[in-house]
């Protein structure tokens, strides 16, 4: 689609070739961009797609490391902190004096905290988003391989070694994501996010149902108030490292602030975006917390201190195999959508930079809507820069995923890297700067207490995940077939 002023033209493909047609005027928002149409439900779908991801599957393992008291408390505390700091962040979408929109997280930081914080935020945000994409590639391939292994166990028995390589699944997922990456922006992702959100509810419900059925049948595992006990097979040091990694896993499960501003930018101007976004955050975080409590607690009750690192792919459940397969298929479909939600800010930053640098380049700004034989339902948009850049990024992410398929440790590291700076530190510091809260006042001390506690948790989680990754790397052989 090629724009001239406020008019849109499209290039159509048929037997006679391509032709350009004017299709009408575009309704614009107050900032000159196409009118936003998002609402509380589309925003909630985006958030749920981002939050209820692969992290939910590790919660039973996390609760097992922490025990009933600390495990449940950690889930509730992280939920409350995430909801509170996200409400602080939503108020920064528009500048207080001019009302100007801030389209990205890093723009919000720049306008409230200055250039140096802007650079730091950009580095953390894009490293974290890239890590999320790589982590989702790993997790989706594990779920796809789990379907093949589940069928093998069902036909040959649970004691048979059903070895499966994850690599073909990662490559196949990468090819699919190359096509999906051509979706231009967040505004066009609503349907994909809704489907992904439904899938997340589906596999979470299946996991909860299977765990609950195991408990009701009397086959639940042994649980304790303090979690996994020190003794045979686990030393005091290993217990501490596991607790740290569990903090990281739970933090990862609540991470979505790095794309909150981009989601908020999809909302209609009326009612005010910050009010709508707060409602969407409340709906999404409350819903996910309820699912997290059920997944973590029922999973721990079902397997006890031997809870697997991944509730559905760690083969705590073998039967009914078709239901386990369905759950893993839902995971894959969800992560396919979540991949694009987290990748969009990475895509847009390079494309916006290129557009500003080469505004007259056809390769950079040429946008074409191609429809086959004039059927609008078969129309899709093509831009050469988008095709080259996004395909290259997906290939890079897939290659890195092929080199390091470690589930729990990767989740813990991503949680540690992203949760504190993006979910806690920057929103709190912007709130303090925006409202000119004086040092050493009661409110300032309360905010800094939240900041400090979350920093300590993040450092502990990072140390635990690095120790776990180091341990896994000593025995890992790249491209080896996995059991």
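Residue positions begin at 1 at the first shown residue.
A Cβ is built for glycine as well, from the same backbone N, Cα and C atoms used for every other residue.
Just so you know, TrEMBL annotations are computer predictions that nobody has curated.
Looking at 255-276, 321-342, the range tied to transmembrane segment in TrEMBL is 321-342. Listed ranges 410-428, 429-447; the one TrEMBL annotates as transmembrane segment is 410-428. Counting Cβ pairs under 8 Å to the transmembrane segment (40-60), the stretch among 66-85, 126-147, 280-301, 384-404, 449-469 with the most such contacts is 280-301. When Cβ distances are compared across the two stretches, the transmembrane segment (321-342) makes contact with the transmembrane segment (126-147), since 3 or more pairs at least 6 residues apart fall below 8 angstroms.
Contacts between the transmembrane segment (189-213) and the transmembrane segment (126-147): absent, as fewer than 3 C-beta pairs lie under 8 angstroms at sequence separation of six or more. Against the transmembrane segment (126-147), stretch 384-404 has more CB pairs under 8 A than any other of 66-85, 280-301, 384-404. Outside the transmembrane segment (280-301), and at least 6 residues removed from its termini, the chain residues within Cβ reach (under 8 Å) are 40-41, 43-44, 47-48, 51-52, 56-57, 59-64, 68, 71-72, 75-76, 79, 82-83, 86-87, 90, 201, 204, 207-208, 211-212, 215, 220-221, 223, 253-254, 260, 263, 307, 311, 316.
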